[in-house]
Amino acid sequence: MKKSAPLFLGIIFLTLTGVQGVPAIRNGRCSCINTSQGMIHPKSLKDLKQFAPSPSCEKTEIIATMKNGNEACLNPDLPEVKELIKEWEKQVNQKKKQRKGKKYKKTKKVPKVKRSQRPSQKKTT
């Protein structure tokens, strides 16, 4: 009887413990119903998300978030959008390199020498 109590409690614990996590599927359908035909300037972008086809949505989806908060779905087949993605990835990589450089950059402090401590230079004539 003593051995079955911990086993029983273990089984209850395992069945009552909930599994937490982020679902792999977004919301069960495509996020982009219509795509905008207008061109977006790279400087007005805040974020650019690209979603690959999944069981819930057969299309590749590209969602652009502007600095003013508006979101737009872009057509991934347009050459302008492909160029926009390349420029965005280039900007993101450049920002990562800048952060990495600042993170590991060490500055060397050199003490200043006062004029009175400097060795005097003799004039030769």
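Even glycines carry a Cβ here, placed using N, Cα and C.
Database features (Swiss-Prot):
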COMPBIAS  93-125  compositional bias 'Basic residues'
DISULFID  Cys30-Cys57  disulfide bond
DISULFID  Cys32-Cys73  disulfide bond
REGION    91-125  region 'Disordered'
SIGNAL    1-21  signal peptide
* Other CB atoms within 10 A, centred on Cys57 (disulfide bond) -> 18
* Cβ-Cβ distance under 8 Å to Cys32 (disulfide bond), same chain, at least six residues away -> Lys59, Glu61, Ile62, Ile63, Cys73
* Report, as a single number, how many Cβ atoms besides its own are within 10 Å of the Cβ of Cys30 (disulfide bond). => 16
* Cβ neighbour count within 10 Å of Cys73 (disulfide bond) -> 17
